[in-house]
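Let me begin by presenting the structure, written as structure tokens, before commenting on it.
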């Protein structure tokens, strides 16, 4: 997410693209409850926000935002996303992906005027219905070069991504913009074109000038100006949109190799030409009509002979005539200027306006019916005169052609009469055809003008097409549009799946192959496949008597009940009738087929078309000529259903042309990288900011946004990098990732997710990311929020405690300081009046003044000497530095020179090798191109030879026709027709010669452009396209020739020509397969060469690795030597510390001497002499100390010299290594060797870097030690400045020098940081090189895979070719047979041969289709070969890039060596400065000896305080250890206690539930009432017999299941412990009451256990495995708990060792002790409360008796409920698991209770002692009470024994019932399996029957068709036979006449 500073570049558009950081943070911090915040289904709003109040039985009660409470089902509730996802820019990242989340995200962003939002691959845009400042030049500049995730969503971001992908990936791009009318498709298309026109010319100082007289503007202006012209003629007002595009368009913008604009072209689809003659009330026709009548240009009004009132013209005034939001006058000027900019001539401009005016006049033409006839005649000629004048036609001819058109019947033309309605229909069709053809011609002219003939490399296509349409009345237009969207959605699904598949494959995720593109295949095949809707429609158009009803019947017969996507619509009141329904992906659409046959045929008045072709207006004549039709087919203009016309004699329907253009569009899209934009209408009223939920949801479904989300949810939509996941979610379980050791982010993420309680099937681990299913990330976020809340609360508590303790510590220190001051003041007040003290006060200053003067003089002399020495040392150091710098510079220059020479030599060799390779490749390509050109020339020669043969055959046909001319009169007419068609053929052959000439020109162009490989590939693609077009034309011409020969009924020539055509196609296919085979062999040879080179590279890599190992050994030796030097330095440092210690001892002795002097006061002369001796000794010791320091300095100097020598040796060795590296670089031949060498060098550098870092750390430690010493010395000097004023300036100089040292240290640290950054940069580059290498290897592997695919395809082609040859030979044999039959009996069998000819023609057509399929496969193989060549070129470019990167790395390595030398130089400088500072410190340390008086008292006091502090610290540490152990134990006890209490509560709840359910079950068992009546009287015997029964059960369970042993043993032990405790406590009343309470509680527990065991014993065998697994799980959990406890123990030990303040920990422990004592008191109170429970004994007994009575009452009703016991027994199996868990809890409770019992035993002993003192009376009373209680216990035991006996009987009964239920269940399962098998068989039989019925229907249809054809053939044969008989009679009569005359 960008910051506010980064968003500033967007200017005023920033708030409309992304909200500020403050607003985002406020929105995300809103209160949110993930469990209660939901969306619920609402009847009005579709979905509303709500808060869950309760969930019961699959129903959810929620309170909506409006305050209403609703109850809905679970599946109507959708969870809400956390606030962090509010207004999210990419909806695919939401953790909960569903319809309401998408809807409300769009709504909230739209309310904030952020109209663009991503949804995975989609960019969704909502129409704002107002102007927003988000398209200005500032925004264009801000989006340029930005990645998608770096900027807010925008159409400019999509455009720039397409542009950048085109430049980087060298692949054509496309932007698919879809949506309903009024959604903003056209506006976004304009913005895309504006963006490309802006950025593609940025940087050009001079714009392109006009290259001819036609161009009136630059290419950018023309591209932008194409929109106003197309909008004027193609846009209109609709109900939803004032400027709705009524056609689809695909704009291709071509770019050159550098990314500059080269040219553009436009393809149009589905123009709504019906709007020319008809509009709804709320709509109007195309804008151009109203622009012309706006009277902005009066000369147009005069020229077109029209008025300014639209109501004068019927075609344009059926709806509204004005639009408030459009100024027609301004739009007219924009259209007129666009015509100028686009280079239309003045004649063309006038023609455009005149034809538009003629269309308006057509609507006013009137016709009437003749009297007593149905014939129409003109009702006035004024309007017709105007229309004819505007079109340069004769008015009378026009009217005659309309009323009396000439129709061709056979080979004759007849005049046909027209009714009035037929004339009006013809006029409307002509008006629509003129307008449509003019529009398509304008598109063709625009394309010609935008084609600048500049070299173009790639293109970006922008598709602006209508979205899915579901209206009340849906016709053929809606079917075409919906079918287009279906194909586009399939294309998107497949593309999205491929991207997801690549992502999963790249990340190594196991993913099942699901091609979502196949989801829509059923609907698409239903429409376009053979016998589909389009196929049936075209078939019906072939029959003259076909109607809409017959078309509907055929649809029903073919598809109703056989395809799930084809349905019969349900009749709806108030709606137009629908004939069939199709289930599209966006919904079910009802279609009305009225008029589909006429729409598909698209008939025109051929007589009027002939007039148009002869018009003197060139534009009109061109529109209706054959060239225009060809231009339509090439430009794609007509785009489908509107512009189809007949070409030659072929018959092409609107649907066929639409499918052809759609297939071209899909081919274009598949060859590009697509980008998807979906436009949304927010409301129907065009209100800004308002959003209608149902409308938006409908569009999201239709646009495929929700479909994309469905696909996304199938996989893993949420994905996070491992490092980000570890950083964000580590807080969930920090203990899962061990501290203090390195662990990979991926392993850490795996451990973290494995330790969290989530569904582990909902995520997968990739190579770099972790993938999550939808919804899991939201759960993790919720868990993280809860954890953070706990941590923050705990942190706040710790911080508050810490602050309180700090404040308390300050108070304690303040108190101690006050006590110290008070003590000293009192002592001073006591001694200040002593006489000796007064004398001391007077003498003490005098002694100090004399001493200070001497010391000052000595210090001055020493300072001067030190200054001189420092100056000399500085001078020497500077000289040495200058010399060293000069030497290092020379050394670096030499290294750089040698390195540059080696690099230049290596680069030259590599360039030479590369040029040789490219030359060889180019020569091979040129050779291939020339060979292909020669092959094409041979093919063309063969075609010309065939043409000659055809001409010869035509001459033979002429002779045959001359012979037949004597007998048949009609044959003469057919002959003339044949001659005309032959002339047409010769003209087409001339066109073929022109195409051959074009091919030769292209060959020359290819030979000239061989040096540029990319241009060569482009030319080859153009050549292939032209060849395929020529081939299509040739095939069409051959088809025309076949038609003419069919009319002449010459079957033999048809068959021979078809044979030759098949032979030619086969030869072409063979040659293409040979070319593919040659290419494959070349690729195999290249692969073998590459593999050989890779093996050589591998061997060289191994050699260099061995050399790298040797270098690493040398470096390790050098590192060992450096470590030895460091050890010597450490020894020197230790000796220096020893000397310092001696100095301190001497100073301490001096201080003791001075103390004695001060105590003596006025000493004798002997003492003074003694003091002088001591001073002399002190001076001698000082001199000795100085000599020792000098010796240490000398040794340090020698060590430094050794270190410098070792550094020099290292430098020499580095130079040697450099020379060796250069030699190795010369031997490098491929990129992989350089990368490996760099890797080895990087390892060496990293190790040397580590050594240098160690040295730097040691130096930093020394600097820090010196710094601390300097600071201490500076502090002492500052204290003496008050007494030494003259030395103040000198101390200032010292402090300044210390600041300089600090700055030097900071400089060193900064240098170190820069050094580390450079090394990290080198590592990053090395990783990039490794990634590039892996990418190359992957590309090589993919190319091998492609070669394998090509080989397989070639084998398939060979098999197909063999099949074709067999078919051809069979056809040839049949042709020979038919030829012999024809020659023997040609006249009699004419009709039969016609039938055979049709069959053969059908078979030939099938063979041709097969050959076309083979050619298509060959073309696909050629494309794959070209793609492989492109990939090879890409690999070569990648190799060049990696070579350049290696050179850059070499340069960086040299820079690194230079930086290393500078670092060493800085190190020596700092070392010298450190030595100087050490000298200064030694000089300052001599002064410390003179500062005795002020230092003595503080030193003594400090020593005493230290000793005391040390003792205290030792005591405190001992106490803290003890306290910590005690606290830990108390803490553990507290945790155990809490856990036990929690388990106790859970156990009690579970036991209560189990008791209630089991009591309910007891009432249902048969015959239990007899046994339970004795429970009251025999409860004493029940306890004893229960003991025996438990023992028996224990033995049984040991044999049956070992897992139940633990529970039974626990119960037996608890009971035995209770009995033992009861016997021990017989002597005391309190003890007996406690035991009685315990025994009663145990009796109740025994009763409950008896009921529990009743359920346990029922399904023991079934749950044996579950119990074992549960035991193993418990063991694993115990082991995990022990491990965690060990980890916690280790952490506690570490924390204890790292405590910084012992006082704080001691107080914490004291506080914890207090807390523990309070908890102990709480435990005592709980124990007392347990003792008080004895008073409730009598009440408990009465409650038990009442319960027994209830049980007896329930037993009386048991017979009625006994039948339900079988079903309820299954429920008890589920409770077994619960009881197993409770048994474990009971075990833990028992141990705790044993501890409490021991405590109580201790207290009872004390009470017993008290009781003995109480007296005999009290004892007697107690004994009596005990006996009473014992009697009661015995009675209870007896009753218990009786209950256990009854229990055994019931258990046997329960076992019998369980066995019976098990048998019944097995029988039911067997019956269910049998039923399922029978149902599956029935379904299979039904499916087979349906298939057989379908096949029979197909066969029946074929049979009927063949029977119909047979009947027609028989009729024709009868007619022919009768004619033959007549001719025979005539010939005989003629013969007889001749004989008679003779």
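Backbone N, Cα and C define each Cβ position, glycine as well.
Of the listed segments 1116-1135, 1136-1155, 1156-1175, Swiss-Prot assigns region 'Disordered' to 1156-1175. It is 662-684, from the ranges 639-661, 662-684, 685-707, that Swiss-Prot records as region 'Actin-binding'.
Other than 179, 180, 181, 182, 183, 184, 185, 186, the residues of this chain whose Cβ falls within 8 Å of the Cβ centroid of the ATP site are, in sequence order, 127, 240, 241, 244, 467, 679, 681. Counting other C-beta atoms within 10 Å of each candidate's C-beta, the recorded positions 185, 760 are led by 185. The residues of the region 'Actin-binding' (662-684), classed with DSSP into helix (H, G, I), strand (E, B) and coil, number 9 helix, 8 strand, 6 coil. Under the three-state DSSP scheme, residue 185 (ATP binding site) falls in the helix class. Using CA atoms as reference points, the modified residues 36, 389, 419, 625, 760 were checked against residue 186 (ATP binding site), and the closest is 625. Around residue 180 (ATP binding site), a 10 Å sphere centred on its CB holds 24 further CB atoms from the protein chains shown. There are 19 other CB atoms within 10 A of the CB of residue 181 (ATP binding site), with all protein chains counted. Here the CA atom of residue 625 (phosphoserine) lies 34 Å from the CA atom of residue 181 (ATP binding site). Same-chain residues at least 6 positions away in sequence with a Cβ under 8 Å from that of residue 184 (ATP binding site) are, in sequence order, 125, 127, 679. Cα spacing between residue 180 (ATP binding site) and residue 419 (phosphothreonine): 40 Å, rounded to the nearest whole number. When the C-alpha distances from residue 760 (pros-methylhistidine) to the recorded positions 36, 182, 389 are tabulated, the minimum falls on 36. Counting every protein chain shown, 13 other Cβ atoms lie within 10 Å of the Cβ of residue 625 (phosphoserine). Under DSSP, residue 419 (phosphothreonine) is assigned to coil, being neither helix nor strand in the three-state scheme. As a whole-number mean, the pLDDT of the domain 'IQ' (788-817) in this prediction is 93. Across the domain 'IQ' (788-817), the DSSP tally of helix, strand and coil residues reads 30 helix, 0 strand, 0 coil.
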